[in-house]
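Trainee: Okay, these came from TrEMBL:
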DOMAIN    3-31  domain 'DEAD-box RNA helicase Q'
DOMAIN    35-206  domain 'Helicase ATP-binding'
DOMAIN    236-379  domain 'Helicase C-terminal'
REGION    536-630  region 'Disordered'
COMPBIAS  536-565  compositional bias 'Basic and acidic residues'
COMPBIAS  572-601  compositional bias 'Basic and acidic residues'
Amino acid sequence: MINPFKLLGISDDVVNAVKDLGFENPTPIQEQAIPVLLEGNNDFVGLAQTGTGKTAAFGLPLIELIDFKLNKPQALILCPTRELCLQIASDIKNYSKNISGASVVAVYGGANIVQQLREIRNGVQVVVATPGRMLDIIGRKAIDFSSVKYVVLDEADEMLNMGFQEDINDILSTTPDDKKTWLFSATMPPEVRRIAKNYMDNPTELTMGTKNTGNVNIEHEYYMVRARDKYAALKRIVDFNPEIFAVVFCKTKMDTQDVAENLIKDGYNADALHGDLSQQQRDKVMQRFRDRNMQLLIATDVAARGIDVNNVTHVINYSLPDEIESYTHRSGRTGRAGKTGISICIINAKETGKIRQIERIIGKQFTKAELPTGFDVCEKQLFSLVHKVHNVEVNEAQIEQYIPRIMDEFAELSKEEVIKRFASLEFNRFLEYYKNAPDLNAAANDERGDRADRGARGARNSDYTRLFINVGSVDEFTRGDLLSFVCNNGKISGKNIGKIDLKGVYSFFEVENAIVDSLFSNFKDIQFNNRSVRIEKSGDAPEGGERRSGGGERRGGYGGGERKSYGGGGGGERKSYGGGERKSYGGGDRRNSGGSGRREGGSSTGGGFRDFSGKPREGGSGTGERRRRS
Ligand code: AMP
């Protein structure tokens, strides 16, 4: 049988390369776009969602059209973010791996420009760039675009959203007039239309899917809850979907951080991604998510741009975006590569109008969904556990030696009894936890509770003491890291901790008044990177200025080198948060209880995700949620 990519006009070298990537059949967008683009003599506008195979749709024809014997830039691909830039460059390298002399460079901000300039000097045919850095390099007269035949504007709507219009104008003006321009966009607002009009000559237009329609593989749902129940609703949704692998969108950096912190405290496998993190921290978070060592990525729109992680099961709009158009980009993080996905909005009654506006834009209707009851969650979790037990991989060699003793223990019990007991082990905890769980589905206009709630939260701080600690973001700590570090070494639960304020070489965190003394005593001998870790009441510690003296001398620099353990001696590597490649934040002493212990427990049955064993998570029994709310 002839390979279907070959039938579209792709050469053997490239067909073999995509075969190695596991591409067996072209996606619909590839089927439509490849033959058109291979002609090479037209401008092109493709209205296409992310995750549909767009990169290969333009990348494969581009490779066919380039003369790889000529060592000059012939194709320029502009895209909005560093992540996307790296992804596209890596994809094009993969597609062209069998072509001798093929060279692709990724040019993006926030990285060493010298290295990028060197690569350009060595000779490249394909330049993948973010607009700002590209302009910088053009300004240095470090690149010759006189042989450019094709310019691709990928995610054009995003580039305009991010204010790159002028940069794009300037860059395009340095390329030859007779080049062809291929534009891809998920939406077609007037500004993108204008680009097509100004820069293109009678472009061929292809709409992949219906015009302005979101990915057909995505279901859209909304849950209506009172504003004060939003967080509990989020947890309920997550609990009801034990295998969830989701991006949760918040409007502001602060919300993102708050939601992530609360989730971590409540035992979930989550982390935040937003613009206040350093590039290194963002990379770290993204790597964990990509490797599926993290279940919930809590992100702002800007930080999540260009996230191209496959198999995301859900996108959760914890808050609706201000710009309705952003919804398409958010929801496009799921339902990629032919997979199905669910995009969920958690809204209050006042926001139904916005849902209707979104429906008009995506050309699809939302389903109004009901939040599951506590009983529903218990049932779902129980069968998820049963399923996992059924499918668990048994390490025969390791378990064998214990089997006779285990058999002895169970000798009196029938098979049914054993099964019942195993299942009950976790089920009882869930039942206990959810026994008084309220119905969270909003009686639409009931906002009275919100005011009461705000009052309660305002009063919260008198129960907490603010503490100073001499570690911070220069030690590569995220707030989640700091939380784990304090919990593990202080032998307390995440529920005892309030706000965390991560600074440079130091940080502040709130802790319940009742446990301040024990925290101080547990932190007496804690070392980190061969220096003493010190905590002090924040009134005793000056907030302004970078304190270097707080915890003895910082040897070995800040954040250099590999950090194996954040604990006090002998920590070594251990997996945390459900079995990923996470380094330890704890000391050698593993007797610690509370949140971290629970989180760790998650790995035992969670297959990489925190799950059943991470109880309790919702209001019923004194969780972080309840503390915050009452
Ligand atoms: P993109 O829209 O280019 O970001 O592609 C989304 C995902 O689909 C990427 O992980 C690609 O590797 C994958 N992909 C693209 N084309 C195909 C194909 N023909 N068959 C299978 N997977 C594909």
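Positions of Cβ are set from backbone N, Cα and C atoms, glycine also.
Set these features in their place in the structure for me.
Mentor: Nonlocal intrachain contacts for the domain 'DEAD-box RNA helicase Q' (3-31), taken as residues 6+ away from its ends with a CB within less than 8 angstroms of a stretch CB, comprise 38, 46, 48, 52-54, 56-57, 60, 63-64, 94-99, 206, 208, 337-338.
Per-residue pLDDT, averaged over the domain 'Helicase C-terminal' (236-379), rounds to 87.
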Trainee: Which residue counts does DSSP give the domain 'Helicase C-terminal' (236-379) for helix, strand and coil?
Mentor: 60 helix, 25 strand, 59 coil
Trainee: When secondary structure is assigned with DSSP, how many helix, strand and coil residues does the domain 'DEAD-box RNA helicase Q' (3-31) contain?
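Mentor: Grouping H, G, I as helix and E, B as strand yields 17 helix, 0 strand, 12 coil.
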